[in-house]
Amino acid sequence: MRITTKKDNRKWISLAALVLQNTSLVLLLRYSRTMKAERYISSTAIVTAEFIKGLICIVLVWLENDRSINRLFRVIHEEIYAKPYDTSKLAIPSGLYAIQNNLLFFALSYLNAATYQVSYQLKILTTALCSVLMLKKSIEKHQWFSLCMLAIGVAFVTWPSPEEVQKRTTIQSQATWLQQSTGFGAVLLASMTSGFAGVYFEKILKTGPTSVWIRNIQLACFGTLFGLLIVFCFDYKAVMDKGFFQGYSTVVWIVVLLQAIGGLIIATVIKYADNIIKGFATSLSILFSSVISYFILHDFTPSLFFYMGTVFVLTATFLYGWEKNKVTSSVNEQARIQNILIK
């Protein structure tokens, strides 16, 4: 009972931390876009965040081992270098995340913002499907309905303004039907890779005695390598011209740090909850960041789609958490007690 309670506490704390972290990250990213300063290269920010995440995890492993450097090196050697096959498993989600980011970039070149936002929310359903197939997770009918409602709600909440739709439609008006179809296919593939990679990582985290921090070190190593490969392929000239950390202001460094911390929080959420719950927490953070932008930053004007999406997301969240079995068992228990009293 105590173990279950402790696990539940960790789950709710990690979920609350994820909502807070993701909300802060979205707000800072919006702010960084409006800053009149030299733009940083996003691919280098991803690499830096992965590297920092790995360093943080090394420090956490060191703290877990009584702050002993010798024990730290021994644990890293035993869990990472001495288990090459086990470590190599993390190359799969790292590689898929890298592919996913490039697929989304490609899709945005040929799709308007509205089509992109709606179609990419299919990742919520692909994550649930992968959870059923790979983890044998049981999802009730009302939970499937809530997941569909969540996907529609997030699409509505993130629905672009008419000005943005017009701007992107004008830019992509020259794209052929084949290019638009290819872009849509890229989004679908990104949704599938997102669901598979997340559930695959969840399966690794929940099987075996290896700690979350060691798994994150393994993931960060491959993430840094794949990230550097992307920088070399797409931003080599820009890095050579102005440097790897061009445009890095204080705000950018905070964004990078939040991304690194976010990776740790997500792993903790997946460990003690699951990818589906993570999707709900992320969706709620989008709502919170939009509300803060409207009331405090005054840089967001809610539309009818936003209000509709808010209702959908909140309803879906409560509906998914509704435990039908408990309600049914409670009714049955009351009926049983009444029968006893009658007799």
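Note that Cβ sites are derived from N, Cα and C of the backbone, with glycine treated the same way.
Nobody curates TrEMBL annotations by hand; they come from automatic prediction.
TrEMBL lists 12-29 (among others) with the feature transmembrane segment.
Per TrEMBL, transmembrane segment is recorded for 41-63 (among others).
Annotation source TrEMBL lists transmembrane segment at 144-162 (among others).
Annotation source TrEMBL lists transmembrane segment at 182-201 (among others).
As annotated by TrEMBL, transmembrane segment applies to 213-232 (among others).
Among the features that TrEMBL reports, transmembrane segment is placed at 252-273 (among others).
Sequence-distant neighbours of the transmembrane segment (280-298) (same chain, 6+ residues past either end, Cβ-Cβ under 8 Å): 15, 18-23, 26-27, 30-31, 150, 153-154, 157-158, 269, 306, 310, 313-314, 316-317, 320. The transmembrane segment annotation in TrEMBL covers 280-298 (among others).
The annotation transmembrane segment is assigned in TrEMBL to 304-322 (among others).
Among the stretches 12-29, 41-63, 213-232, 252-273, 304-322, the one making the largest number of Cβ pairs under 8 Å with the transmembrane segment (144-162) is 304-322. Taking residue pairs at least 6 apart in sequence, the transmembrane segment (213-232) and the transmembrane segment (12-29) share fewer than three C-beta contacts under 8 angstroms. Within its own chain, the transmembrane segment (252-273) is flanked in space by residues 7, 10-11, 14-15, 17-18, 21-22, 24-25, 28-29, 32, 40, 45-46, 48-50, 52-53, 56-57, 198, 201-202, 205-206, 212, 215-216, 219-220, 281, which lie at least six positions past its ends and keep a Cβ under 8 Å from the stretch.
Within its own chain, the transmembrane segment (41-63) is flanked in space by residues 69, 72, 75-76, 101, 211, 213-214, 216-217, 220-221, 223-224, 227-228, 230-231, 234-235, 238-239, 244-247, 252, 255-257, 259-261, 263-264, which lie at least six positions past its ends and keep a Cβ under 8 Å from the stretch.
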